[in-house]
Amino acid sequence: MEKPSREAFEGNNKLLIGIVLSVITFWLFAQSLVNVVPILEDSFNTDIGTVNIAVSITALFSGMFVVGAGGLADKYGRIKLTNIGIILNILGSLLIIISNIPLLLIIGRLIQGLSAACIMPATLSIIKSYYIGKDRQRALSYWSIGSWGGSGVCSFFGGAVATLLGWRWIFILSIIISLIALFLIKGTPETKSKSISLNKFDIKGLVLLVIMLLTLNILITKGSELGVTSLLFITLLAIAIGSFSLFIVLEKRATNPLIDFKLFKNKAYTGATASNFLLNGVAGTLIVANTFVQRGLGYSSLQAGSLSITYLVMVLIMIRVGEKLLQTLGCKKPMLIGTGVLIVGECLISLTFLPEILYVICCIIGYLFFGLGLGIYATPSTDTAIANAPLEKVGVAAGIYKMASALGGAFGVALSGAVYAIVSNMTNIYTGAMIALWLNAGMGILSFVIILLLVPKQNDTQL
């Protein structure tokens, strides 16, 4: 069993602030580039394709390595991995701002992805170790504010900073926040698993996972350009299927696997993780809806972003409400309520056939429900995932949960964008946007069914 010395140390507000600040280095600062793509094209004198690679590579690398980092946190120390992640963010930020060389921009963003992979599971594990009962639920609420809230604010934040101070100040501020986080976390006793032997790291599993995810990403983002009957597409599909199959076989046989599939024997953990993947996938809503109102209704990017202000406000407000609902109703009901409300919001945003004024009203109300639903869902889902993981495996469990977040968002955006482009070319942008938004609503419905079937009414397995 793990011995985190709770008698000697209990989580406090100083540590919690440090944790939240470390979390927003990714969800707020690193993600802010989604709103400064044209500026980066001019600053680095490069094409939009290169900039898009730089923007997307952070979340992709975070998703690919977060599980492995969770395992390292369990073995070598969660405080240590958190500090390493913060230092990596500082290094990545410096590489981004010191020159106008596109290669350094991409390398810096890649390093920021590795930073997020270290920080996310390690900080969740620290909360699991040093916060108990209602204190843990409160800590998870603030952690969720840093992640879900940060992702909601990042677009406006990036645009505001880039306009008022210049885009490099996004990362200068990120470095300052990182240094403050290091100071606040300093002095916290180390916590790690005592029951996991320090075996050789599962390199084979990691390599196969990276190959599989990179191949899937290429298939989704470039599939329509390649053509589903092309030799390259078929080859990539075979590589993806083959690497996935081999990964499953090797991981089940490994004595110290990268992903411990035994965790999924717990239905509550499986339900929380699968629904988390799908509800992060509905991030495609923002891409599709914003693109539609700009191209279809002639709105500026600022006007398009203004439609989602209700989402930003509600997700921040409702995260703490979700915590209170968790304490009074348990995990399942808030997760179902949140997902159901989100589906209603998604359906309202998809009504692209309405006259402009009516559609704008539906969008504003829809985004309100969208943020309300995600805010209610966030804390109960996170609590369900880590509360149902064995203490000695909590780093790996948290890593898998956050991998679901990162990859759900990445693939949700890719799928939504692909469907929007394909259907728009076949029909028109109104129909393309509607079908793509229905895809997101479908992911919400599937998430609702998973929660209904897998998450128990009472979490008897909570530790």
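Using N, Cα and C of the backbone, Cβ positions are placed for all residues, glycine too.
These figures come from a predicted structure and were not determined experimentally.
Per Swiss-Prot, the features are as follows:
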{"type": "TRANSMEM", "residues": "17-37", "note": "transmembrane segment"}
{"type": "TRANSMEM", "residues": "53-73", "note": "transmembrane segment"}
{"type": "TRANSMEM", "residues": "86-106", "note": "transmembrane segment"}
{"type": "TRANSMEM", "residues": "107-127", "note": "transmembrane segment"}
{"type": "TRANSMEM", "residues": "165-185", "note": "transmembrane segment"}
{"type": "TRANSMEM", "residues": "201-221", "note": "transmembrane segment"}
{"type": "TRANSMEM", "residues": "230-250", "note": "transmembrane segment"}
{"type": "TRANSMEM", "residues": "273-293", "note": "transmembrane segment"}
{"type": "TRANSMEM", "residues": "299-319", "note": "transmembrane segment"}
{"type": "TRANSMEM", "residues": "357-377", "note": "transmembrane segment"}
{"type": "TRANSMEM", "residues": "403-423", "note": "transmembrane segment"}
{"type": "TRANSMEM", "residues": "435-455", "note": "transmembrane segment"}
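Listed by sequence, the residues of this chain that lie at least six past the ends of the transmembrane segment (299-319) yet keep a Cβ under 8 A from its Cβ atoms are 35, 141, 144-145, 148-149, 152-153, 155-156, 159, 286, 289-290, 293, 360, 363-365, 367-368, 370-372, 374-376, 378-379.
Beyond the ends of the transmembrane segment (17-37), by six or more residues, the same chain brings 48, 51-52, 54-55, 58-59, 62, 82, 85-86, 89, 93, 109, 112, 115-116, 119-120, 123, 126-127, 139, 142-143, 145-151, 153-159, 161-162, 167, 170-171, 173-174, 177-178, 180-185, 301, 305 to within a C-beta distance below 8 angstroms of the stretch. Per-stretch counts of Cβ pairs under 8 Å to the transmembrane segment (273-293) identify 403-423 as the leading one among 53-73, 86-106, 107-127, 403-423. At the 8 Å Cβ threshold, with sequence separation of at least 6, the transmembrane segment (165-185) comes into contact with the transmembrane segment (86-106) through 3 or more pairs.
In this chain, the transmembrane segment (53-73) lies in contact with the transmembrane segment (201-221); the count of Cβ pairs under 8 Å, excluding pairs fewer than 6 apart in sequence, is at least 3.
Distant neighbours of the transmembrane segment (86-106): 22, 25-26, 29-30, 40, 43-46, 50, 53-54, 57, 112, 114-116, 118-119, 168, 171-172, 174-175, 178-179, 181-182, 185; these residues of the same chain sit at least 6 beyond its ends, with a Cβ under 8 Å from one of its Cβ atoms.
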